[in-house]
Amino acid sequence: YARVWIPDPEEVWKSAELLKDYKPGDKVLQLRLEEGKDLEYCLDPKTKELPPLRNPDILVGENDLTALSYLHEPAVLHNLKVRFIDSKLIYTYCGIVLVAINPYEQLPIYGEDIINAYSGQNMGDMDPHIFAVAEEAYKQMARDERNQSIIVSGESGAGKTVSAKYAMRYFATVSGSASEANVEEKVLASNPIMESIGNAKTTRNDNSSRFGKYIEIGFDKRYRIIGANMRTYLLEKSRVVFQAEEERNYHIFYQLCASAALPEFKTLRLGNADYFHYTKQGGSPVIDGVDDAKEMVNTRQACTLLGISDSYQMGIFRILAGILHLGNVEFASRDSDSCTIPPKHDPLTIFCDLMGVEYEEMAHWLCHRKLATATETYIKPISKLHAINARDALAKHIYANLFNWIVDHVNKALHSTIKQHSFIGVLDIYGFETFEINSFEQFCINYANEKLQQQFNMHVFKLEQEEYMKEQIPWTLIDFYDNQPCINLIEAKMGILDLLDEECKMPKGSDDTWAQKLYNTHLNKCALFEKPRLSNKAFIIKHFADKVEYQCEGFLEKNKDTVYEEQIKVLKSSKFKLLPELFQDEEKVLSPTSATPSGRVPLSRTAVKPAKARPGQTSKEHKKTVGHQFRNSLHLLMETLNATTPHYVRCIKPNDFKFPFTFDEKRAVQQLRACGVLETIRISAAGFPSRWTYQEFFSRYRVLMKQRDVLGDRKQTCKNVLEKLILDKDKYQFGKTKIFFRAGQVAYLEKIRADKLRAACIRIQKTIRGWLMRKKYMRMRKAAITIQRYVRGYQARCYAKFLRRTRAAITIQKFHRMYVVRKRYQCMRDATIALQALLRGYMARNKYQMMLREHKSIIIQKHVRGWLARVHYRRTLKAIVYLQCCYRRMMAKRELKKLKIEARSVERYKKLHIGLENKIMQLQRKIDEQNKEYKSLLEKLNSLEITYSTETERLRSDVERLRMSEEEAKNATNRVLSLQEEIAKLRKELQQTQSEKKTIEEWADKYKHETEQASMQSPVEETKQLELDLNDERLRYQNLLNEFSRLEERYDDLKDEMNLMMPVVNYQNQVTFLCAFLFPSLFPFFTHSSASFCCGSGILLDFVLFFLKQEPSEKKAPLDMSLFLKLQKRVTELEQEKQSLQDELDRKEEQALRAKAKYESLKRQELESENKKLKNELNELQKALTETRSPEVTAPGAPAYRVLLDQLTSVSEELEVRKEEVLILRSQLVSQKECNVLNMSFHHHHVSLLYFLNTFLGRQSPQDYHMLNEDGELWLVYEGLKQANRLLESQLQSQKKSHENELESLRGEIQSLKEENNRQQQLLAQNLQLPPEARIEASLQHEITRLTNENLDLMEQLEKQDKTVRKLKKQLKVFAKKIGELEVGQMENISPGQIIDEPIRPVNIPRKEKDFQGMLEYKKEDEQKLVKNLILELKPRGVAVNLIPGLPAYILFMCVRHADYLNDDQKVRSLLTSTINGIKKVLKKRGDDFETVSFWLSNTCRFLHCLKQYSGEEGFMKHNTPRQNEHCLTNFDLAEYRQVLSDLAIQIYQQLVRVLENILQPMIVSGMLEHETIQGVSGVKPTGLRKRTSSIADEGTYTLDSIIRQLNSFHSVMCQHGMDPELIKQVVKQMFYIIGAVTLNNLLLRKDMCSWSKGMQIRYNVSQLEEWLRDKNLMNSGAKETLEPLIQAAQLLQVKKKTDEDAEAICSMCNALTTAQIVKVLNLYTPVNEFEERVLVSFIRTIQLRLRDRKDSPQLLMDAKHIFPVTFPFNPSSLALETIQIPASLGLGFISRV
């Protein structure tokens, strides 16, 4: 059933499918929505209009909306949504309109590679793009000789400015500029300036353009940019003084505040944006991701580029800062009718200082106004509210005038002095606007859109009419909406604008009275004018897009645009020069840009330039209203647009929240209705919207025809088929080249085609399924029989096995049962015995336990009874002892009493005295003895005291002496410690060095090991990497060579032009100028060291000869000879000076060498003495150590200790000596640098020469310059100086390099000496550790090694000297021979004037001494004839067919051999130079002819190979015959000329590639993509209004066969010319790369080419190319690999694209494609038939997720201009030179064989 669209309040339109056929008269449709819900849709009972039908799926996502079969609003909306959301495509064609949807995201589709891809392409061939529109405009301008315009419109935030910017960038890139002033850069530089002063942040857009602009980009006759002009419309001045919530003022104010800290802005006294009233009202001073300070830098750079000087820039910033400070001026109310400004108010003071006006005057006129009556003038104070409004009006007026001034200066900077031939205008203008409250601004905007829509409708209608007329279709008038009534309502007599102007002139006019006039004039009289029901101050206009209600309040004030004249007069009297400039033209020129106080300025002052006003007309002109001015500027714009061919870009805003790739259907439909896209659709649908060429129709619907219906005439075939398929003849029309269908007919044909294909598929499926089922049945039957046979055999075997098992089981049962019974008996018997044993054991244990308890109880009783007895005994004993103690105490007391009585008696005392006397006598004797002993001891003590005192004195002196030695020991110990630390430090450094050395050695061994392993494991990978590096180096070198050849060609072209421009009579002026100006001015700058280089290389002479060669010699004989003699004399002087400088340089070098030799000898002597000293010290140390082994040896003051101190001292002295050596070396390096100053001085003279030329040219006035340059002499001088400059720079580089090498060698010597020193120290340390015998042996071994090395070095030097002597002897023989020839008189004098061709570069040709062989001889005067006949006038085709390949190369080489035989270096040089210049001339003349370029590439390579083969070098002589070896060059080494020829061959190869590319480029897309090699696979889908290039093989269309034929032609030509096989492979590889890159790039930019069937076509085409490679044996050339990205892209189109496994397979398969290319192909994939499915967005996300870690280039397109580096492998020839015959057809009769 059919699918339809039904209205929906949320999604606008919803898709549904009919469940039941519709029959006329049905009131309800049974529908099912996409989500599965059933619905009854009621038809409108009045109109009975059916819902619109939905297009087939294969038409969804088309590039052009007019390709849709059903053209209506839901189809357009759905197609745009699918392209935007699913395919991420923001551009879509709608007939002649490009619809651009803002993605709110940066897309990589605007690079220079994309620009190059769209350049030169037809508009329908590529996917929709702003570049395609720009290319179409550019192409039509050149083709039709008619000016173009691109009209970009849309809402704020829809991307208008960006689209216009990209269009201008396209023109700037594609066209270039006609002058060297880089006009295109200036055009693009105007964008940042205009954005800063005219763009602001709004709620809808962060960078919203608050004005409209029309930029005319001018082109010259060659269609190169020469200038531009800008007109601006409706600047929104109200934004200067007021911003809504979340909005900002113009960017420039915030840029100023962000840069306030800069020193130059200090005087502006700026601050944060939140400080100023005019920048803080929106509350959003910062934009995410935008750095205002950086943007300020960009703005200033753009101003500088456009010629706005720094002083003017500061003036602009000063005025802008003044506006900000003016906004902070506050007023205080005195009463209800007057106000005042506080005294010395800071903001006003700053404003007046910045503006240069008086504070009192400005303060006065901000609070007062002047009223003038018929009789008197008086000043009236104003209220605070009026003062604030007047302040804001003044700020807006200043800003508007500044805006106009900047636009005027930008236009002056972009203005061109060259006459403009044509222009392309880019109109960036606001779209239709409707808000809740609409005022004067919206009225003007919508009025402008009405005019633009009328022009758009007329253009669309005109194109449709032209198409019908061209195809001779009966023309029926198509009804389309004409909005002329609406325009009349606004601008006609007594229209809205007219009544508004009239009301403004009334003394008491107001918004209310104007509204009443509108009601009285238009209400009920004009259907487009209405009055709101609930308002008397508003009106409604029915615009083409929608009804809009306008509020009348403020219309009159905004239309008048009132600013107090007294305030303007104060500003005009400013001392600040820039400020009066803003107002000076107000009274003289009508200013269409003066605009509403709260609105936008209509048109910039540069837009309209009327004739100069007559006196007395000024005041009248000045009083024109804003509406009147805007109407005039709009009429001027419409006149401009009507005089051009318009191209339309409609920008759509997908959502209001700036979400990337989010589509709001309601907002989109609203904008589509407003911008006229749906009107275009309606006009197209009213006639015959679908159009097919006969061939496309036949190709698409061939399946609906039978074989008998196909006739030779495609047109008649299509007519016959259509009459059968569509019975209603009104549904289609036959034109001359196309068939026209009404809406829906293509969908009907697609349905019939799909049904036919479905029926064919079903039939094929039925047959194949039957065959498959029969095959399956036969296989199953055969398998069943086989299975049965095996099953029955298996069953029989199983039964026999069962019987055997049964018998065996019975036997097993018998034995098993017996075993079980016996086992059971044994278990019972064992259990019984076990139970008995357990029971008996249990009883015995119980009895034992009882006996044990009885025994233990008896023991317990025994111990208890004993304890009780012991306790009783201890108690009894204790009591007895106590009684004894008491008794004994009593008895002791009694005894004590008795003793006390006895003690008191006399007898006791007597007994005691007798004992005491005896004791006294004994004591007396003891005392006497002790006295004697004391005396003897006293004598001994005295003698000891005497002895002690003497000993004490002696010990004291010893102590003092010890203390002094201790201090000395301490000092020595400290010194030893410091020296030990130093030694430890040195040893540590040595160990570090050794460890580093060991680490490096280990790393080297490891690296060597890894390298060996890698070389063993993967030599192929390493080789590939090396080859890649080599190719990169080659590519860089060859790119530089290509650039050099391009500059050389440019130089030759300019020289030829100058030669043509200079007449013969001006030669005397030229020479006079040369002598009078050049030499006196320039020679002083060459008199110093630069002269040695300049003259030594011959550049000055060549420079002079460059001028002398401009005329034939016979016309300038007398003058030239005198001039030449002067020059020769000057050259002689300079050569003498050069010789003196050279001698001085040699002398300096000899001095340096002598100093070096002397230094080395001194160094050697010093090392020897040092060695001896170390040996002596070592011997001393050994002696000291061997003398004693006692501990005192190591004590301070010991001999060994002192020897060690001396050793350390010598080490420190040695370090000092090393430091001195380093200083000596540094001084020598400084002296070397001073010597280099002489060689560097020519650079300073060169700089002074340039300064002289600059000052000389700078002093000349324009008239003097033209008089001086009237014959081109100055240019010639400049070219000569450039040549001299180049040579001097090259020599500077060489000298610099030589000095750097010398410096490196000296550094190396220093390093080697350091290493030698370290080695000596290491040997010393090692020797100290060895025993004495081993030390002597080691020192001897070391000495032997050193002497051996010195001996070897001396032998090498001797060999070198011998070689030098032999070489000099050979040269001496050659010079002797030459001297002999000179004496005989055989040497010819060659005048410099006879040199015809310039040498490529000075080449030193060393001579060889070889035997002479046979060759070709020619006279020197025949050289030009030889070059002319053999190179310049040779036809490649005749030579290639009739003669041996490479014959010219062989002939030239044989001539070179003869010159070599004659030992004539001048002849060799002249011949080689003439040959190279001749080849360059031929290629310049016939460089676009493939045969010529191929021929000379082949011959240049052969000539190069001959120079190598016969050079005499062993590497090139391996494959030579003995005879060929005899033909080698004998006197000259031409290795440097081989390099020159190699460079020439590279240039020829690159030229050959360019020729190939130019020939193949038109064929590739048509043959590889568009042509259907496999007929009927894809068919052609409907294409819409913008037709693609036909992909059917019409006559003149390129096919794959065309490409292969061309490849065959290239290959056969190269083979005929004898080109090297390796070189042919490289050319073929480059050709295949171009084919693959161009095809893939086109595929990535064409949605219609990304389908399954196209992938099959591409793979087939690639297979055909591979087959061609196989046929030519070129499969190993690497050409197939260059097609790998294209092959993978074709495979990507064909593989399954659904599951995760598919995603994994795609990621692994497409390794030659970048992530961007894979995603792009998947996004572009489009089904051609209903059987294909689209790629889901989720699948593309999966691919992106899997590829996120892949590191590849983000670039989408391949570089089709890339040229692989070329190599010329040596290919020796087996042809013998003596066998070559010279054909008479070459005209070389003057050459004779020798």
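Including glycine, each Cβ sits where the backbone N, Cα and C put it.
Per TrEMBL, these features apply:
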{"type": "DOMAIN", "residues": "1-51", "note": "domain 'Myosin N-terminal SH3-like'"}
{"type": "DOMAIN", "residues": "60-754", "note": "domain 'Myosin motor'"}
{"type": "BINDING", "residues": "G154, E155, S156, G157, A158, G159, K160, T161", "note": "ATP binding site"}
{"type": "REGION", "residues": "590-625", "note": "region 'Disordered'"}
{"type": "REGION", "residues": "634-656", "note": "region 'Actin-binding'"}
{"type": "COILED", "residues": "906-1057", "note": "coiled coil"}
{"type": "COILED", "residues": "1124-1187", "note": "coiled coil"}
{"type": "COILED", "residues": "1278-1378", "note": "coiled coil"}
{"type": "DOMAIN", "residues": "1473-1749", "note": "domain 'Dilute'"}
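Features as recorded by TrEMBL, highlighted on the structure.
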residue : record           : CB count, 10 Å
G154    : ATP binding site : 27
E155    : ATP binding site : 24
S156    : ATP binding site : 17
G157    : ATP binding site : 21
A158    : ATP binding site : 25
G159    : ATP binding site : 24
K160    : ATP binding site : 28
T161    : ATP binding site : 23
Handout entry: Folded-back contacts onto the region 'Actin-binding' (634-656), same chain, C-beta under 8 angstroms, at least six residues removed
Key = 80, 84, 94, 96-104, 130, 133, 136-137, 140, 144, 146-155, 157-160, 163, 167, 204, 214, 231, 233, 425, 427, 431, 447-448, 451-452, 455-456, 459, 607-608, 662-664, 667-668, 671-672, 675-677
Problem - Env. residues of ATP site, Cβ within 8 Å of mean position of G154, E155, S156, G157, A158, G159, K160, T161 Cβ - result: N102, N205, S208, S209, G431, C651, K653
Exercise for the section: Check the region 'Actin-binding' (634-656) for me and report the mean pLDDT. Expected result: 91
Problem - For the region 'Actin-binding' (634-656), the number of residues DSSP places in helix, strand and coil - result: 9 helix, 8 strand, 6 coil
Fill in the blank from the handout: Helix, strand and coil residue totals from DSSP for the domain 'Myosin N-terminal SH3-like' (1-51) stand at 0 helix, 24 strand, 27 coil
